[in-house]
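According to TrEMBL, the protein has these features:
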DOMAIN    175-262  domain 'DUF6534'
TRANSMEM  12-32  transmembrane segment
TRANSMEM  52-73  transmembrane segment
TRANSMEM  93-114  transmembrane segment
TRANSMEM  126-150  transmembrane segment
TRANSMEM  166-190  transmembrane segment
TRANSMEM  202-230  transmembrane segment
TRANSMEM  236-256  transmembrane segment
Amino acid sequence: MSATDALSPQKTLTALFFGLVVGTVLFGITLVESYRYFKSYKNDTIQQKSLVALLVGLDLLHFSFSIHVSYHYLVESFGDSDSINRAIWSVKALGTVHVMLLWLVQFLYLTRIWSLTRRMLLHRKLLVPVLCAVIVIGIMGFGAGLAFILELDRIEYILDFARIKWVIYLALGVSAATDIAISTIMVLILHRSITGMKRTDGVISALIHYFFSTGLLTSLTALIYLILFAASAQTALYLGVVFLISRLYTISFLEFRLNVRNQLREDLEATVELAFSSLEDQNAFERCKWQLVPLFERTTAEYGSAFRGGMRSGRMQITQAIYIVC
């Protein structure tokens, strides 16, 4: 592309303005969610808190670059056709931070899947493909993001993005596919964790709904970005969507760390009544070692022999536990 090619100023600036407005609202939600997290989970490990702080820090950096990009094109370059066509440094920085933020969120979800599949009693025929899928997805996401960052450094004008459309299609396609794959794997893992107990199954259903909806939302956003880029590269409407995508990833992860954990805690604080056919069975159960862990980290197969015997006499109350080893 050359400087003689020009953007459509009105549509481009409109997209930047509304993208910044909506992005500002979403960043406010990010700040509220992060404040609630650090206030509610003071006992989390330093590593967990550091990852959340890093995520919020990247989102703050992304938001700062969004403001600079908007100010440059809406104020400083207003009426200057050459300046409005140039890709300033903050555009490249915005794209780089965007990729890094997506890397971090998807890495955190993939490590969670890796951890869950290794701890659950999955059949080897299922365990190996899942772990291989996690590795492949991680490599593809990193490779596509790295290719985009390298090509981004060569951009001089906004319209030059059309010259590297292949890497943009690749990065967006891999990102959307990664989100769908993460959601699908998590849903399958959670589905295999169904216990037959009404309360715990309700929690699992809520988690399934969460991962399905968040994966669908981020994938649809990437698809909208792709459509806008393919259909109207001359107007750069897609730049407005860039202000939103990273915010959605940050909010979805903070929502998982905060509200989903709160819901799990509330639902798992209930008590259940167990009945034993004899005093011997009751004493055997009381000798069992049991501990509370996150619901989706254990399967029903790990209940072991704790539930042997009939259900006629010898009642006792216990806090609802998910992991029981006798």
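Glycine too: its Cβ is placed from the backbone N, Cα and C atoms.
TrEMBL entries are annotated by machine, without manual review.
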Residues in the domain 'DUF6534' (175-262) grouped by DSSP into helix, strand and remaining coil: 76 helix, 0 strand, 12 coil
Leading stretch by Cβ pairs under 8 Å, where the reference is the transmembrane segment (202-230) and the options are 93-114, 166-190, 236-256: 166-190
For the transmembrane segment (166-190), sequence-distant contacts whose Cβ falls under 8 Å of one of its Cβ atoms, 6 or more beyond its ends: 99, 102, 106, 109-110, 112-113, 116-117, 120, 130, 133-134, 137, 140-141, 143-145, 147-148, 151, 204, 207-208, 211-212, 214-216, 218-219, 222-223, 225-226, 229-230, 296
Range from 12-32, 52-73, 93-114, 236-256 with most C-beta pairs under 8 A to the transmembrane segment (126-150): 93-114
Same-chain residues near the transmembrane segment (12-32), Cβ under 8 Å, at least 6 residues beyond its ends: 56, 59-60, 63, 66-67, 69-70, 73-74, 84, 158, 235-244, 247-248, 250-251, 254
